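For TYR140, LYS178, the entry in Swiss-Prot reads active site, proton acceptor. Residues or ranges marked as NADP(+) binding site by Swiss-Prot: 10-11, 31-32, LYS38, LYS53, 75-79, ASN92, LYS144, VAL170, LYS178. Here Swiss-Prot flags ASN169, SER180, HIS187, PHE201, ALA202, GLY203, SER204, ARG209, TYR274 as substrate binding site, drawing on sequence analysis.
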Amino acid sequence: MIIVTGGAGFIGSNIVKALNDEGYKDILVVDNLKDGTKFINLADLDIADYMDKEEFIASILAGDDFGDIDAIFHEGACSSTTEWDGKYMMDNNYQYSKELLHYCLERRTPFLYASSAATYGGRTDNFIEERQYEKPLNVYGYSKFLFDQYVREILPQADSQICGFRYFNVYGPREGHKGSMASVAFHLNNQINQRQNPKLFAGSEGFQRDFIYVGDAAAVNLWFWKNGVSGIYNCGTGRAESFQAVADAVVECHKDKSLTVEHIDFPEHLKGRYQRFTQADLTKLRAAGYDKPFKTVAEGVTEYMHWLNQDK
């Protein structure tokens, strides 16, 4: 059996899809479906069982036996960069992850987990998986950073796989439940379908991020699991592209020459807490042996727009 926490969420459900595509169906999805809309992410996928997150944590703490577990992909977390309840964030992202890690270590079960590029904070270069380059801007980034630090202490003594992925700006299918935290491409597509011009923050041509297509992020997870590689790795494309490039790709897919991108004022509450530039350094990822290419914004957004608008 393979366990995917956060399996009804964005990246988690795409990992389930990638596993299905390779013939794996004996999958236990762990999630919190209080937001019932997330079920749609699983509706076309094959899983063996579902378990509520709170029940799962209780079972982990009790040391319950789940049988033969081939791997745990731990994607379950609060991923909101605008959530400032530190106790909630640390319970969800730090404490829960520690408990699950030790459960895996005791059983020598491969443990692959979601870290984040938010660990790097507001820097504009050297996005390298080393302590001197890390200084998160928000409590979400701090919760991910602290767990990475915890893993670093354990890795030298671990005799089973522990692998963390610092996701950069992930976008693509199955993110619709994320609301305001969904990708720019998702929101621009919605605006156009509502007969509006797509809107970007003023200065967006100067904001550059490393946008990675979710299918590529899932492929990284599966490759590392199959190859048994441990460590903490950036999961991005190694290319920074502008929000304007995302908007241009979305508009291009809609084939409507009347569309023009509007620029709106930058929100006050995000000033000083917003990464203006991200670009994954892939040196460590490539050195580990991962050599597959990553989609450009134009390629990934085109595939995503076809998926989003397939029923229209």
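Cβ coordinates are placed from backbone N, Cα and C, and glycine is handled just like the others.
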Same chain only, sequence gap of 6 or more: which residues have a CB within under 8 Å of the CB of SER79 (NADP(+) binding site)? GLY9, SER116, TYR140, LYS178, MET181
In terms of DSSP three-state secondary structure, what is the assignment for TYR274 (substrate binding site)? coil
Count, for each of the binding-site residues ASP31, GLU75, the other C-beta atoms lying within 10 angstroms of its own C-beta, and report the residue with the smallest count. ASP31
Which residue, out of the recorded positions PHE10, TYR140, TYR274, shows the minimum number of other Cβ atoms inside 10 Å of its Cβ in this structure? TYR274
Could you measure between ASP31 (NADP(+) binding site) and ALA202 (substrate binding site) for me? Cα positions, answer in whole angstrom. 37
Other CB atoms, at most 10 A from the CB of ALA202 (substrate binding site): 11
Can you tell me how spread out the substrate site is, meaning the largest CA to CA distance among ASN169, SER180, HIS187, PHE201, ALA202, GLY203, SER204, ARG209, TYR274, in Å? 20
Look up ASN169 (substrate binding site) in the DSSP assignment and report helix, strand or coil. strand
Would you mind pulling the DSSP three-state label for ASP31 (NADP(+) binding site)? strand
The rounded CA-CA distance in Å from LYS144 (NADP(+) binding site) to TYR274 (substrate binding site) is 17
For LYS38 (NADP(+) binding site) and HIS187 (substrate binding site), the CA-to-CA distance in whole Å is 17
Three-class DSSP assignment, GLU75 (NADP(+) binding site), comes back as coil
